[in-house]
Amino acid sequence: MRFTTTIWRPPSLENFKPKFRIYANGVAQVRIYCFGTVSSSRLYNAHNLFDKSPGRDRESYISLLFGFSRDGRTQEAKRLFLNIHRLGMEMDCSIFSSVLKVSATLCDELFGRQLHCQCIKFGFLDDVSVGTSLVDTYMKGSNFKDGRKVFDEMKERNVVTWTTLISGYARNSMNDEVLTLFMRMQNEGTQPNSFTFAAALGVLAEEGVGGRGLQVHTVVVKNGLDKTIPVSNSLINLYLKCGNVRKARILFDKTEVKSVVTWNSMISGYAANGLDLEALGMFYSMRLNYVRLSESSFASVIKLCANLKELRFTEQLHCSVVKYGFLFDQNIRTALMVAYSKCTAMLDALRLFKEIGCVGNVVSWTAMISGFLQNDGKEEAVDLFSEMKRKGVRPNEFTYSVILTALPVISPSEVHAQVVKTNYERSSTVGTALLDAYVKLGKVEEAAKVFSGIDDKDIVAWSAMLAGYAQTGETEAAIKMFGELTKGGIKPNEFTFSSILNVCAATNASMGQGKQFHGFAIKSRLDSSLCVSSALLTMYAKKGNIESAEEVFKRQREKDLVSWNSMISGYAQHGQAMKALDVFKEMKKRKVKMDGVTFIGVFAACTHAGLVEEGEKYFDIMVRDCKIAPTKEHNSCMVDLYSRAGQLEKAMKVIENMPNPAGSTIWRTILAACRVHKKTELGRLAAEKIIAMKPEDSAAYVLLSNMYAESGDWQERAKVRKLMNERNVKKEPGYSWIEVKNKTYSFLAGDRSHPLKDQIYMKLEDLSTRLKDLGYEPDTSYVLQDIDDEHKEAVLAQHSERLAIAFGLIATPKGSPLLIIKNLRVCGDCHLVIKLIAKIEEREIVVRDSNRFHHFSSDGVCSCGDFW
């Protein structure tokens, strides 16, 4: 039979040239040579030919190996290489270069090391292609040490070698190494290619270094590489991440060939810069231009829907995802669940979670737990967390950090025990969440222990711990920690400054230190940040410097609700009721959405100024116009408003109409008003209510005792004092503080412990003489002890605020203002005396008592208008 030299040729195998060699035994052996890029269909046909060939030579094996490698069929390429090795065929550099690329794609470190050994054995490491592929293998396996070692030992390197190493570092955010190598390769005479520039630009984008990015952009244009897709995409990404959206859009419009990555960069960049509508517009343009959407396209736009809470659009995208076959992509699946959760469609999120079989996926479980927490489903979140563990899904660090926000349904100590077993407590993410949970429960010591155990403390962990100290008023610990932070080379962010400024707003904190931190914030260019400026506003208002608070408020480029509320409350506490109401009117004019806190500040302003009708009007606005249901705090404010004005019947009517029984705070307000307005019977009722709820509350006993003393009922007063002794209730002593040269000094009534006590009492005697020259007569009714008037006058003269003022007058330059803080209410006699002292000494004196600020001007007038 005659042997034919023609065989059937598949129509799709255009780039393959089958050649035949006729052996003596008449068997044809096929060689398949691949030219150009082999498509998947052609490679499939080539593979079939290879399998059907009765005999195969080395060239056939190598050709198919190259085809598999180029087509990304890594497992088949690996098996074929092992066959070549097993058959003892001759190896060369091209084979190892090809199979090392396969190893890099597989991230198979063991296989890569075996290939490395073979390269050493055959002496192929001097080949630049093999060395480059080996570097790529190690870098993709995150083995940077060995990857760099291979690179450093290479005798010859080309631009691909440099780019491979640089790209490996860039993928793992090792930015310093990227930029160092980028400069070094040019110094050594290797010109970067488009992929090298893309990697360097990516790093500059991550660091937000727009200036250096512009320099690289100039070099790219000079080299004519700005039109290439990798560089073009990286430039667009750079400008977007640096906030230069306009420049990014210009580059995008000039890009002739736009890949799906180009479109995705614009969508995610717009979203990151808060331009949600522009991002949606870009997505629609992408579809109009018939660009095939990728998984990243869908993930980006679904996240956008989550931010905008667009349920309908989310549902449409869900349908498109199913159509494109992307539903089982983890990023898309998680993005859909998050979007449904943020749109409050928890049933849809839960249905998706169950339908697509997320049972073993920790990311999906975490997304669902987070969704429940965002929708006030703390119990459901904790139940899901428990179910997750029962089904054998191990929580990761993000799961633990999310579930720790489910306080008080879950105990941080319970989660802490689980975290210790996994060693996650040492991670910054979980450690910070854990210490934050302890802080919210007031367990600052536990939080500090967790903080000390975190290995790499980032700025978030430091800020959280500072916030804890701010919450508990541990000023010294917070300031010490801030010093440690800066000494450690960590750069404070806006939240760090916000926390430390909140610490400085505490009663026992130094105003001077607060000003120093303000200066530090200015130096760091963070003083204009919204959270920092709001903290500054609050600090200055609480420390008695309402003018500085007002200045900060005016300079704010943007104001959030916290800023508006802080300014209203600040004015209210300083007795500037009309300014507080003007701020409220400005809010209304700008259509700022108000909350319950806004009206608490407004009611406080009306209360301190005795504006009863105004307070009633704003209460109606809150309920009728703003649709805010009155809370316990709002009712307490209205009771205070009526009580201070002597309208106790209206105050009692508010209490009667409250949905829940009044608490001790409201009854204490009634009791204080009864003392001022001589309503003994109602005062007795209020005291009984308080003592029944809080038997240890000394304020109730003291107010009732004082009320009896003022009415001359010493017998009833004695009974109250006896009851206090029987129950071991101690009266809170009156303290006053003053800050001089960044140091705080405290005084008790009749205090003689200060080193300058002699000078202080001499100053008080001098002031007493000058006060009497002005016609001052002590009001001994404020001394609630059964002693003679002479002794009562001596007691009045030694009240703690007077001692603090006397010390301030001798310890500070003449004419400088004084700020006194007192833990109790200033008595009427001291109020009059301080007005006269301010006039005599020609000084401004600010006193912060338990109710409000009193600004005593040098002309002897108080900001409260003698109504407090």
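All positions are counted from 1 along the displayed chain.
Including glycine, each Cβ sits where the backbone N, Cα and C put it.
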122-152, 184-214, 742-772 - the range that Swiss-Prot marks as region 'Type E(+) motif': 742-772
Surrounding residues of the repeat 'PPR 18' (631-661) on its own chain - C-beta under 8 Å, 6+ positions past either end: 596, 599-600, 603-604, 606-607, 610, 612, 615, 619, 622, 669-670, 672-674, 676-677, 679, 682, 867
Tally of DSSP helical, extended and coil residues in the repeat 'PPR 5' (193-227): 27 helix, 0 strand, 8 coil
Chain residues outside the repeat 'PPR 12' (427-457) and at least six past its termini with a C-beta under 8 angstroms from it: 397-398, 400-402, 404-405, 407-408, 412-413, 415-416, 419, 464-465, 467-469, 471-472, 474, 490
